[in-house]
Amino acid sequence: MSSDTEEASEEIEGNQNQHVNKQPENDDKMDIVEDEETPEEPIENDPNYMSKHHSVFQKFKSSVHDVKGEEVDEETPEEKEDIEMQDLVPLPQPELPRDKRLVSTAAHLNNLDWLTTPIYTAPEETKPFAEFQNPPLSSLMIKNLRNMGFESAFSVQISVLNLMLKDIERNRLQPDMRGDLLVNASTGSGKTLAYSIPIIESLQTVKVPRVRAIILVPTKPLINQVKTTLNQLSKGTNLSIVSLKNDLSIKEEGIKLQTNEPDIIVSTPGRLVDHLTNGYISLKNLQYLVIDEADRLLNQSFQNWCQILISKIDEFTNIKERNISNSWKLNVQKMIFSATLTTDAGKLSLLKFHKPRLIIVNNKEQLVNEMFSLPATLNEFKLQFGSAKSSLKPLILSKFLLSKNKLANVLIFTKSNDASLRLSRLLSLIMNKLGSETINIAYINSTNNTTSVRSKILKDFSKQTINILVATDLIARGIDILSITDVINYDLPNSSREYVHRVGRTARANQEGFAYNFCFGKGEAKWFKKLMAQVGRSEKNIEELELDTKQLIEDNDESMYKESLDELQQQVFNRA
């Protein structure tokens, strides 16, 4: 460092010492405290010293500046890196955050995820009834099931029983735990047994007859079918089961109900509402309400049956004053079953669900955003023909049945009463001319739907006395004939819902079945594609079945077909 700098430093230090010595002795303690609390201010910031020793400070600062400059100069300058030139391109941007799946409001409302979390179960699952545990089925129930020919439960029955048997056990001490049940399962999956078994299990020990369960179905044949099942399951118990029909007047039937009050009622909604409004049925002790084929019942008003029924139930469940006698009253447990369960929030809200649980008999990965499901054992086929061949439609059907050996256990659906009557007669004439005189073909529609005639036709069909049955959508629901192997949609249905119920007449109880769909022209092909877009399938898809009409129809077939048409016309004129 230079001599000028050393001089300036010595002079500053001397002045500092003189300044310290001039402090009065009385202020020593105060100065010590201040020094501890406040750091000493640098001398160069004191204006008094700066004015007295301005020149010395200037020399000191310039010397320090020179020394710093020399140190910097001694350092080796860093080499600049070569900058690689790039073309003008957009700057990279981070990925925009997106939902994993964006679903429209309409698609969201086409399922029931908004109501509750679905419980999925595989359609092919089975389990012996004797293996149900915690709690098990009663020995009497297992005995009755075996007498009916049932050893194992199907998928829908397993799912429902697993929940309902636990509810029955739990509700003996916790009556507030009951939750409603919605079940979407294909036709022929065993829904009737699924709700009948837990109801009988729960009520089999009751001593005093009271209306404790009501089962609603859309048609009279279903009433008979459900009542028969309940009677078989309740053998060995004292349960009273009745069905409400139009055989008696409301008054006569009402008097019988009051004289001998039943435990379980099977009815259509309209008939039940008539008895409720006339005061013949009390819902005070009601525990179970089952709505089978719920989509059809909710789509039809039946004198506002839903609002009336739920309001009558609420009269006894919405108790304003709790006391010892009603504190353990069970809520009415609702069970909703359908192969095409509606997703309409407006319709479902009328039922006022409590803690709902949803069971879907289908594979979760394969489920589409619709509540229409088909049996896993069903094989579907589409037969496409040109519109020019539509005039030969009955002949093509006849030749198809013969070529594929579909001559028994065949159910054919048409669009109207006239179409079913005409096709059944024409098929009989064509089959006779083709050498198949032994094939018995019958029809069933609203013109011959009396109880006796209908029962005889279905009985003969199940025994194969009738080989081919031509029908309308009247029997698309409610007939349970396990022997049906083939369903043919001669005329396409009006909706996906009707399609599901039509083809559900086969492939029942995990048996294999076949469905054939006849499409003539581009219009029918387009309509069929639209119908199928809303139907859920587990694994299989619809197969295109190619049929060469040139090979199928021989040279003399068209002339024979014309003769058959003439004979049919003559029969109609003779009947007229």
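Placed from the backbone N, Cα and C atoms, the Cβ positions cover glycine too.
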* **Which listed span Swiss-Prot calls motif 'DEAD box', if the choices are 292-295, 312-315, 384-387** => 292-295
* Asked: Which stretch does Swiss-Prot mark as motif 'Q motif', out of 130-158, 159-187, 420-448?
  -> 130-158
* **DSSP residue counts for the motif 'DEAD box' (292-295), split into helix, strand and coil** => 2 helix, 0 strand, 2 coil
* Which whole number is the mean pLDDT over the motif 'Q motif' (130-158)? -> 95
* May I ask you to report the DSSP-based helix, strand or coil state of THR192 (ATP binding site)? => helix
